[in-house]
Amino acid sequence: MIRLENIYKYYYSESSVTQALRNVNLEFSKGEFVAITGESGSGKTTLLNVISGIDTYDEGEMYVNGQPTFQYDDDDWEAYRRNKIGFVFQNYNLIGHYTVLDNMISALLILGVGEKKAEKKALKYLEKVGLKGFEKSRASKLSSGQKQRLAIARALAKETDIIMADEPTGNLDSETGLQIIKLLAELSKEKLVIMVTHNYEQAQDYVTRKVKIHDGEIVLDVAVNTDKRINYKAEQPSDDKNADAGEKLGNQPKNTQVDLNQKRKEENSIARYFAWKNFSTQKLRGLLFIVFFMVVSTASFLFLGQIYSNIDDSSTKKYDDSVYYNGDKTRISVRKKDGTSFNKSDIEKLNKIKYVKNTDICDKADDINYYCEEGKDYKYSYGAVESDGSSYGALDPDDSSSSYSIRTQSENNWTFAKGIKKAVKQDMNVNFIKKNKFMRSVSCITKSDLVKGSLPKKNNEVVVYSKDSSVVGTTKRFYFTAKNIWGMDGYYYEDMKITGCLKEETEQAYFAESLCNMLSSSADGAKFKIDFMYDTKTDSYQGSYKLIPIYSETRDNLYDSSADMTEDEDTKDRDYDYRNGVPSGEKARASCNTQVTLNNLGTYDETYDEDATAMMGTDRLTITKKDKNGELTGESDKLVLEVTKEVTDYSDRFIEISKHLYYKYFKNESNQAAVYISNYAKTDKVIKSIEKLDKNYEAVSAYRMSLGEYNDEKVSERLVTLGIALGVLVMLIILEIFILRSLMKIKIKDYFVLKFIGMKLNTINKISIMEMFSYCAVTIVFVIVAANIIALCGSRVMIDMLAYYTIPFYLIFIVYNLILCGVTVKAFNKLLVQRMIKN
Ligand code: ADP
Ligand code: MG
């Protein structure tokens, strides 16, 4: 069957060459039980490996069934090992965590036997070696003798003619070893059994031939026990049949594409079987891998997310508050292209869009600050009056750097103005501490948002949140500033009646639409023109700055028909020229601060207040409507402008007119709405939806519209964030390659066994690919699902994070993890191939 002719085998190392086999000439036939003996290092294993095709020879020729093997390539040797040789090893080479049956079945699967047939065969050969009843035991739980029996059964199941056993009794006690030898002797009746042993005495009664090797040379080759074994040569099956097999082996037709596909499919299904077997028999180990993948995928989920959400560099730009004073990121400004106003049905429509929290019909008022907590939002400061009567402007009582507070102590000649507000009222200042509260109109809420009361309808009505709902019905002073809209730093105030109490805790107060519209009406300065500061000498108006028209719900209606002034009466009462005709008694009022400007012209009727600080007077004022294009229309009203103490607390640009006149010029309507979304990250999405909803809508992000130059500090902050995230991702790659590779090393032992029982390296690699990718996929899915569940449970951090994560992010995340897994498995497989080739 096997004939070795002048075989030489060398092992090369850096410094020397070992002659492991020298001029070996041997011939083996079926029915022989050959014992190869010799000292340790004499070349027994090498000889066995050469015969079984595990190792190649360097010189000479080996004939298999009469056919030379010099032309065998790797595939041929593999086929030879598979189809011709059954192996039994000293260390059994079993997969410890598989059951006895699985060890058998997996070996047969590798050979291409179908699963059902494999099981049948497995049971048959297990019975033959006396392992019936142990099928379901784990291989690692067997005694050493049973393990070797299992290894023999596995070799037998291949149904090859040759069994090679390398020190099969090396790890067994003598009694168990003897049983194994008896078993091999029994088998050798139908096969060729070649056994390496350094304990010849144990086997001497059973073998048929003794071959002794020394320093790589055959020093003895004798037949023994010839009397006990008869006719083994006669029973030798015809070499012809086997020669055919050899021929087939040697001249295998080259693989066609169909074969390759078929082969790949088979390989895949085998790899799948083992990948699953490995997981199901070693769940703890599987868990270890899953935990590791979990760490990697969680970290990459977070840090890839950091990068992904930082791609938008808007956070690094300076906010320019000249248009949108309120930099709320979640605010989207909506207008209609035809310039018309928004109404309730627009709000309903907009509120239905996904991610929209609420819609404020008065967008412009959302840039107006309000202040309602004295000491927190604002504080007062007062003027001081010296004992000699000279006065000082308002001083900040909290300003310890000013010596004011010391001077108010009694020993000097200052008197503190606090408490005598009236006398120096013009010196009272309101200082606004925090500009963080912005108006919202009542359109953002509904009655159901209140625990008590009703929604505000009038200018001087408001709803707020309070723990104590008895605030409803009380009055509170609110100050308002709107630098952008009014074009000045002044303020407006109103003593507001709290009409309702909100359910949910918030600092946000909600105001009547009419107040919102009134305070923001001058944002549309183009709609009207106010002329004032009438100069009798030139017969023209000198007033050049913007006046802000207001009306009061509480003060008397300025329109007083009973007091309609005739020209005569008027001339009597007021000393100015009515040549241009004074209107039918409509009045306007300005705060006495406005007198400062009037004073300069000197053409008005003036009287001094008894405090000798406020100057009263009258002027005339004309309001003229403008058309769409900003051109003046003929429509106008001429009013008597009273500069009066009654309006003293307003800054110098408010002009109070009657409600009736107000509505005539300034429609209580808003042509710009604000849509508030749940998350800034959804800005683009919502803008798209709004513009899709109605072709007449135009939407912009108030925040983005207001971004100007880059802010260096924030740019570097962003770069640091990106750098850290990138660093972590790179670290993850390194970490995964090293840690996972070393984790996978615990599998190498199994892979060696698989290789020994004939699995191709390619298939082994596929097992690790399948196993690792399954773990990876499981954790990817887990992380995504877990993150979304956490968000659903209401975690703010997670909700904010996921808002940025769109489908492309998830794709990047998945691809990153799969590539990482792929690279690692590849690195591991490379390592595996190196190890396998070495051994
Ligand atoms: P035995 O099985 O009889 O103990 P071996 O066949 O394992 O002996 O070894 C024979 C000789 O070849 C020894 O000198 C050993 O050091 C050497 N040898 C065996 N395998 C290798 C190898 N893979 N690389 C280098 N030298 C080897
Ligand atoms: Mg050896």
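For all residues, glycine too, the Cβ spot is worked out from N, Cα and C.
Keep in mind that TrEMBL annotations are predicted by a computer and have not been checked by a curator.
Here TrEMBL flags 231-247 as compositional bias 'Basic and acidic residues'.
Under the heading domain 'ABC transporter', TrEMBL lists 2-240.
What TrEMBL records for 231-262 is region 'Disordered'.
Residues annotated as transmembrane segment in TrEMBL: 287-308 (among others). Beyond the transmembrane segment (287-308), the same-chain residues lying 6 or more positions past its ends with a Cβ under 8 Å from any Cβ of the stretch are 721-722, 724-726, 728-729, 732, 735-736, 739-740, 743, 771-772, 775-776, 778-780, 782-784, 787, 801, 804-805, 809, 812-813, 816-817, 820-821.
Taken from TrEMBL, the feature transmembrane segment applies to 719-740 (among others).
Annotated transmembrane segment per TrEMBL: 772-799 (among others), in sequence order.
TrEMBL lists 805-828 (among others) with the feature transmembrane segment. Long-range Cβ contacts of the transmembrane segment (805-828) within its own chain (Cβ-Cβ under 8 Å, at least 6 residues beyond either end) map to 293, 296-297, 300-301, 304-305, 308-309, 729, 732-733, 736-737, 740-741, 744, 765, 768-769, 772-773, 776-777, 779-780, 784.
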Surrounding residues of the transmembrane segment (772-799) on its own chain - C-beta under 8 Å, 6+ positions past either end: 275, 279, 286, 289-290, 293-294, 296-298, 301, 679, 740, 744, 810, 813-814, 817-818, 820-822, 824-825
Integer mean pLDDT for the domain 'ABC transporter' (2-240): 88
